[in-house]
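Below: one structure, written as structure tokens.
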Amino acid sequence: MTDVYRNRKVGVIGLGRSGLAACRLARKAGAEVFATEMKGDVGDLEELRSLGVVVELGGHSDKVFDSDLAVLSPGIALDTEIVKKARNAGIFLLPELEFAWSLLPTKQFIAVTGTNGKSTTCALIGDILRISGRDVLVGGNIGVPLSSLVPEASADTFIVSEVSTFQLEHIAHFRPWISVLTNITQDHLDRHTDLSTYVALKKRIFENQREDDFSVINLLDPISMEVSADIRAKRYFFANQPEAVRGTFIHDGAVVFRDGQDTELLDLDSIPISKVVSVENVLAATLVASLCGCAPSACAKGVRQFKGLPHRLEEVASRNGVIWINNSMCTNPVAAQTSIMSLQTPVVLIAGGKDKGLDPTPLIDVIVKRVKFTILMGDVSEALGRSLSQRGYGSHTQVDTMDEAVRLAHSVAKEGDSVLLSPGYSSLDMYINFEERGEDFKQSVHRLYGRHDERR
């Protein structure tokens, strides 16, 4: 590990999962560490103190300004008072993402961002690289903080990292070898104020790339194409239709990689795509894998064996001809629309949550056209119900708890239906995060079938 931070004073602002990992990494790198957190308690306090980290809880004092630089957790926004003061004090600020990246011994860094499909694409890239015999670590916004991966990496390691706008907001020199932009639609307007700001932050993933780096872009997403028009990295594209482009596309039922010549990577008909992974995820992941030198056989095997991720079109149960699907990760209306459209069965939908200031029209449109019955929860339930009624759609009701939603869905769903939790909104009105919401759904389904017919 480089000694760039040895004996330097590093402040860490925010002690969530990423902040805690940054503290551990900074100490391992030989830095003096001062950490500050608004909450009055953190779970790993004794561990941090045993490592020699000085910890401040219950608010941010000016002590952090004694640092040479400050590492920001993803939850710390640019307009936070402590960030404003640190900037005015001349403190160099960088996100946990860039702090960890700067300590990596490898340059083989693959960063994946976008509104939808980031996590699945990251996981699939990682699986294909492993099947190809590469040493690979997957983390970032997908679950394991990048700071936790650094000690495990070598010069030969491939790093696959999900990157959010919350992390890109603060970057200075962060430079991925391969940057992937899955798509851009409205999201996180509760933090980024408007779509143009959100789009500008997504574009930052390409900001420091050079001519010998690579970018992977969704050819059929207009905003992605617009923001990538003037970047320096080599541009490769993926498209769910035949296209004469450099990258991956569909031709005669197969995924084809084009880079001077055409190479068939896999036959879509032989691979169970839809429930756990979309065609777009496959196109993006196999394109990245091809740029990394993976063989077509590894791409095909990786997709064929891919099991998906929790809370992303996750099949929870199948009873009496009814399939129960947990898609709690779906936190914006466009993602909900896409997940509903991906199912070939009649849908009983559980939706709603905390509004992030996004246009609900995509979700309303698909409910009216495709959904058999809709069960609404959370802060938006009343307003969303009114909007559906105004469109002449009366097959909806409101509930207060997930248990109530699951019981009602059970009474409505018939053989051949799917019950889909695809909220289209943030979980923060009722839950700590989308994982907790998804687990509540799964437990409610399991309780239901503990009391009812267990036949599959």
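Don't overthink the numbers, they just go from 1 along the chain as shown.
The backbone N, Cα and C atoms fix where each Cβ goes, and this holds for glycine too.
Note: TrEMBL annotation is automatic and uncurated.
Listed in TrEMBL for this protein:
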- 112-288: domain 'Mur ligase central' (DOMAIN)
- GLY114, THR115, ASN116, GLY117, LYS118, SER119, THR120: ATP binding site (BINDING)
- 311-423: domain 'Mur ligase C-terminal' (DOMAIN)
**Study point:** Fewest other Cβ within 10 angstroms of its own Cβ, chosen from the binding-site residues THR115, THR120
**Key:** THR115
Review point. Under 8 Å Cβ-Cβ from SER119 (ATP binding site), six or more apart in the same chain: what's there?
Key: ASN141, ILE142, GLU162, LEU309, ARG312, MET329
Exercise for review: Compute the mean position of the Cβ atoms of GLY114, THR115, ASN116, GLY117, LYS118, SER119, THR120, which form the recorded ATP site, and then list in sequence order the other residues of that chain whose Cβ is within 8 Å of it.
Suggested key: VAL112, THR121, THR182, ASN183, ASN281
Revision key, fill the gap. In chain order, residues whose C-beta lies under 8 angstroms from the C-beta of GLY114 (ATP binding site), counting only those at least six residues away in the same chain, are THR121, VAL180, LEU181, THR182, ASN183, ILE184, LYS202, ASN218, SER224
Check your understanding: With DSSP helix as H/G/I and strand as E/B, how many residues of the domain 'Mur ligase C-terminal' (311-423) fall in helix, strand and coil?
Key -> 41 helix, 32 strand, 40 coil
Review point. Which residues in the same chain, at least 6 apart in sequence, have a Cβ under 8 Å from the Cβ of LYS118 (ATP binding site)?
Key: VAL112, ASN141, ILE142, GLU162, VAL163, SER164, THR182
Practice item. For ASN116 (ATP binding site), write down the residues of its own chain that are at least 6 apart in sequence and whose Cβ falls under 8 Å from its Cβ; none is a fine answer. Key: THR182, ASN183, THR185, ASN332, VAL334, ALA335, THR338
Exercise for review: Can you check which residues sit near GLY117 (ATP binding site), meaning Cβ under 8 Å from its Cβ, same chain, 6 or more apart in sequence, and list them in order?
Suggested key: THR182, ASN183, SER278, GLU280, ASN281, ALA284
